[in-house]
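**Student:** Structure in structure tokens, see below.
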Amino acid sequence: MTILENIRQPRDLKALPEEQLHELSEEIRQFLVHAVTRTGGHLGPNLGVVELTIALHRVFESPVDRILWDTGHQSYVHKLLTGRQDFSKLRGKGGLSGYPSREESEHDVIENSHASTALGWADGLAKARRVQGEKGHVVAVIGGRALTGGMAWEALNNIAAAKDQPLIIVVNDNERSYAPTIGGLANHLATLRTTDGYEKVLAWGKDVLLRTPIVGHPLYEALHGAKKGFKDAFAPQGMFEDLGLKYVGPIDGHDIGAVESALRRAKRFHGPVLVHCLTVKGRGYEPALAHEEDHFHTVGVMDPLTCEPLSPTDGPSWTSVFGDEIVRIGAEREDIVAITAAMLHPVGLARFADRFPDRVWDVGIAEQHAAVSAAGLATGGLHPVVAVYATFLNRAFDQLLMDVALHRCGVTFVLDRAGVTGVDGASHNGMWDMSVLQVVPGLRIAAPRDADHVRAQLREAVAVDDAPTLIRFPKESVGPRIPALDRVGGLDVLHRDERPEVLLVAVGVMAQVCLQTAELLRARGIGCTVVDPRWVKPVDPVLPPLAAEHRLVAVVEDNSRAAGVGSAVALALGDADVDVPVRRFGIPEQFLAHARRGEVLADIGLTPVEIAGRIGASLPVREEPAEEQPA
């Protein structure tokens, strides 16, 4: 049996002699490479936190001590050390989540996987324990990149204000190529004032502040001015301690002994402490280290030796179609600029950045700032394209409403991973945008059904300069081209039977599902018209009179049923005095468990068979004319 196989709970880890810890680290890395390449998942981040996670569980008493993982994609090692070693169905239906999960273990606390939130959670948990007289430590592990999020600094400000509140912040800094000098630094927890890496660590602190929206630059200037001329002008020690936080580090995050010593020192301090650990993303796996883009942040199913993908691809992804088209548009229009929030590659803007480096900005974990900055860019005469994951736009709703829409700014939002994303679980599904954004005056929302319409509707969107526009598309590969038979107003007619009784309104990617549904209904003697509204907000004015020609309207969307496109269509029909019932098919008002997209859609009834069955059962009974009675 391996050392790892004998670890069933954190106390088993504490019993290990120090000389076995290095061997355990290697076993964990081998396990991760073989397991994650079989299922897909976050590989690079977890390879980088092996020793750090071991040290955390040797020093603290989870779950009495609460260990919080910001974002949570680096929690695989934590799962292994807390009794969850069956990774055979990682991120699959019935298997382990790719993020912490309270349903899985009492050792997990935060499962939302949205960055920069852990420090706020830690602040609240620590205060709750103090109020209720409970013992135990609260430890928040946050990445250096997540410190660019404004929420993290709001939390730091409040944490620092409670000077007698024991709370430990571990910064997992894996975004720099430098490493601390080992020896006196690691063993004695000294500062870097006398080491060769001193200036680099100062640059880290300066960089974090200067990339932090709104408060970062003034805070940096204030600290610089207060200590100007002193040897430690930009020292992380000075920055964080001026905020009221004890600073320990930087520590070699791959030296278990050094990390344990730092954590024990922090544990003894009766107040907030920040422990700065330097780690290497992808450590121990050469292909990850050699991967310049993101050190295998996320991988699909692949051969661990050759790194060749083993899962078949069905063509280009929605993201790549957008990425190619925005480059073409950028070449035609010098006013087109782009913004993203720490997602340059995932949202398809890498090629745009290569081609137009002075016209793209990665603002960090700062969706709110992205939206407001876009309003400024638009007011200044440019047309910004803000590309983010659909689930993360929730953070910028107020800014989209009050800064972009209220001022009628020509900003285009591009939402990647819209609808059901599947294996990434509850917090990554982009299933709320078409509901939340229905209330934004002047906003136009496009839901393309295929690659051609991503290109066409993106061009239509960036042509609008007096109001915000939004285009949304899902994850994974684009399906086949879906041609239109006709155009009625702004609607594309995709299917029309001779005597249609049902009007199927297909929202974006659900067009193929609706076409298959129409075939099933036709086999049952029920004729259909299938239309793609293309722009789902506002409702096209030709839709109500078209609906009046049918006995039932069914709206099928990859979005919440609550207040979504179906609700907007029903409202439009009511306003037009069209008395035709509307059936809404969408995502129920619940959080969705992780599974493949097709499995999730089947579970919630968004399949052709299920939709056709429910439409057939709910179609109003046709009233036959009464027969005349003989005289």
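Glycine is no exception: its Cβ is also placed from the backbone N, Cα and C atoms.
Note that the coordinates shown come from a computational prediction; the quantities given were computed from them, not determined experimentally.
For reference, Swiss-Prot lists these features for the protein:
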type	residues	note
BINDING	His73, Ser113, His114, Ala115, Asn174, Tyr285, Glu367	thiamine diphosphate binding site
BINDING	Asn174	Mg(2+) binding site
**Student:** Would you work out the biggest C-alpha to C-alpha distance among His73, Ser113, His114, Ala115, Asn174, Tyr285, Glu367, the residues that bind thiamine diphosphate according to the record, and give it in angstrom as a whole number?
**Tutor:** 33
**Student:** Using DSSP with the three-state reduction, classify Glu367 (thiamine diphosphate binding site) as helix, strand or coil.
**Tutor:** helix
**Student:** Near Ala115 (thiamine diphosphate binding site), how many other Cβ atoms are within 10 Å of its Cβ?
**Tutor:** 25
**Student:** Taking the Cβ of His114 (thiamine diphosphate binding site) as the reference point, list residues of the same chain whose Cβ is under 8 angstroms away and which are at least six residues distant in sequence.
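**Tutor:** His114 (thiamine diphosphate binding site) has long-range Cβ partners Thr71, Thr391, Phe392, Arg395, Ser427.
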**Student:** I want to check the contact list for Ser113 (thiamine diphosphate binding site): same chain, sequence separation of six or more, C-beta distance under 8 angstroms. What comes out?
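**Tutor:** Listed in sequence order, they are Thr71, Gly72, His73, Tyr99, Asp424, Gly425, Ser427, His428.
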**Student:** Please classify the secondary structure at Ser113 (thiamine diphosphate binding site) using three-state DSSP.
**Tutor:** coil
